């Protein structure tokens, strides 16, 4: 194990000098530096650049407070390695695989794997056309998720990405079992804490591994924590042959941390100040999130859209890797429609008659047609009022409004805020409900009866309570 000495510390960037005869550590190797003489407080550094003349530039995974010039640095000879396997289930840990849930730390002999790996080769990949039922009507009907696919939840600040991810974790864990890995990348610690206790209460935590690198941590940790979560998911897929769910909240923070690291390393920024290696970094992460012949990884990624601008390089780069996109729209939150999923902007490769079936496809496309026509008529209604519409158009507007409200539903994870029980709606019930609305079966029921309900039977009960 070769050793060097700290030459300079600039925030999270640490330059380390190795003696001229020593072998320099490789890029991505983990280096260890002890803050104190009794070797209780260590900091892990990751090699990012070789500057020449025995000097390497590293990024710290923890705060560099207390580091001084001249401290000894040890090369571990390998990349950061994290615990994998069944021992990780029910536990919460950081980017380095250290437990942060106040329970017993992992044993020394636990299986560990490096966080940097190659993506599976082309001949190992497998594709599936099986739908993953989520119990959320708007998703299952208009932008269904594929088992083993990649899903992006796009939205600006405060439109409900994290709540939607939490509901998906709840529904999929309760209905499908299976193993989940939740990776919190640069998000709020409070939300992670809430999620942990919720999962503990519901018993879902026993089948979930949780990894966090939150907002307050150095950019190195936020940039690498997604790889830590992915490494755990890959082990369950490749070694145990499991179907794994990988939740990442938020993939934009991964890009943001990469941008900070890039600037600290002195690279010239690219478009909108992002790192020049944006597409490469995103590609290296996303290409590893895939399904092989041994098992599948279905990934659901929240993607923050800065200033609601979808042309921003960060969300635009992520778009290219996804099978399904669920777009959250601020206008819908203002109308009180939750989840605020835009039914026309959201899309899925799975919405085809070969995968979802003829009836589902026909109902979904008709729902989109009615909503699109309603959107076109809104300008006329705003200027001239409803009276200028033909009878046929008035009927269409009535149905479109009922459909728009029926696309909303109460969430189990939001019950503590709304006081209303959440609902899980099977795909067959979702398709039947929308088909009957399109047929005009419920034209007489008030629009408000369709708001925030589960299956169509709930609408009828709500209308009866309202006196219809």
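Counting starts with 1 at the first residue shown.
Just so it is clear, glycine is given a Cβ too, placed from its N, Cα and C backbone atoms.
Here's what Swiss-Prot has on this protein:
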BINDING   155, 156, 157, 158, 159, 160, 161, 162  ATP binding site
By a simple count of other Cβ atoms within 10 Å, which of 155, 158, the binding-site residues in the record, is least packed?
158
Using the recorded ATP site (155, 156, 157, 158, 159, 160, 161, 162) as reference, state which further residues of the same chain have their Cβ within 8 Å of the centre of those residues' Cβ atoms, listed in sequence order.
304, 328
Counting across all protein chains shown, how many other Cβ atoms sit within 10 Å of the Cβ of residue 161 (ATP binding site)?
27
Tertiary neighbours of residue 162 (ATP binding site) (same chain, Cβ under 8 Å, six or more apart):
187, 191, 249, 302
Based on DSSP, name the secondary structure state of residue 155 (ATP binding site): helix, strand or coil.
strand
Which is it, of 156, 160: the one of these binding-site residues whose Cβ has the most other Cβ atoms within 10 Å?
160
Binding-site residues compared (157, 159) - the one with the fewest other Cβ atoms within 10 Å:
157
Where does residue 160 (ATP binding site) sit by DSSP, helix, strand or coil?
coil
